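See below for the structure under consideration.
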């Protein structure tokens, strides 16, 4: 049995709900199912199709092998050694939102939109500082846009986290990318955090304004017209997206892919952009279109939400990792911080 390999599609597996009885883990594009019967135990690694958790998802088995299994530890809470901890249904989950640090076109006062521009030195420092502010908050999964400035922000922030788990970008662009990025060490997988990139979380596309100087554009088209393009809800710049159009894709992605993870009890970090994050906050805080256009997000400042009993509760921004008040937001976060202290003191 241990040497058996399956090289053809052998069927479809369906499950309902976020947390099924099967042990479903994923890392670097692979699912692992653990099947246990009276006489034997079999681990089957599956190439990834779909997302981690959803209300209803189908998976086609493309390749199965007992020679390797990919396992990801989805719970980042330090254990006190009791078996009952892993069986308890999570009562809440943390959601952290971070707008990327200053980019090189932010510095030059240019419209950036979906142009893939990296961080400045200041942006790097902002990302590291953001990491310090969230260094005691549990993180199980990371979502970023497809743009490098958001990915840099997430990666740099995680260098400051006390658990020292390694963020690993999942490559799903081709079968070869999935196969070549596999990890075959269970211990290593347990020390990794999956990073999922999604174009739906990109900054809104500024169309023909991208690359133009903001001041010069205002002088050319008039301040009122440029302000209308930048701050109205439903008026796009020439051949670009309005905030409403950006919100349609960003919120739809959040509801389909990210919210189910939070409902499963996983703690999520999203590193993205001003307009895609404003869109998500509009959904979380139930803001009107008039309220969201006046919402400003600073670069590199994390915002914390708690999902509890189906409701998102905004907890503001952690001021610093040493301030006890930050971790008194909820009992669960306070316990996590306490266990971190105990872990690193022993």
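From the backbone N, Cα and C atoms, a Cβ is placed for every residue, glycine too.
In sequence order, 99, 203, 297 are the residues of the chain that are 6 or more apart from residue 274 (substrate binding site) and have a CB within less than 8 Å of its CB. Summarising the annotation, TrEMBL assigns substrate binding site to 99-106, 112-113, 149, 203-206, 214, 230-231, 274-275.
Note on residue 100 (active site, tele-phosphohistidine intermediate): other Cβ atoms within 10 Å of its Cβ, all shown chains, come to 31. Annotated active site, tele-phosphohistidine intermediate per TrEMBL: 100, in sequence order.
Annotated active site, proton donor/acceptor per TrEMBL: 203, in sequence order.
Per TrEMBL, the feature site 'Transition state stabilizer' maps to 273. All chains included, 28 other C-beta atoms sit within 10 angstroms of the C-beta of residue 273 (site 'Transition state stabilizer').
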>> Sequence gap of 6 or more, Cβ distance under 8 Å: name the residues on the same chain that satisfy this around residue 102 (substrate binding site), in order along the sequence.
In response: 119, 120, 122, 123, 126, 299, 300
>> At 10 angstroms around each C-beta, which of the binding-site residues 99, 204, 214 has the fewest other C-beta atoms nearby?
In response: 214
> What Cα-Cα separation, expressed in whole Å, is found between residue 273 (site 'Transition state stabilizer') and residue 100 (active site, tele-phosphohistidine intermediate)?
Replying inline: 6
> If you skip the near sequence neighbours and keep only those at least six away, which residues in the chain come within under 8 angstroms of residue 113 (substrate binding site), Cβ to Cβ?
Replying inline: 203, 204, 205, 206, 207, 209, 210, 240
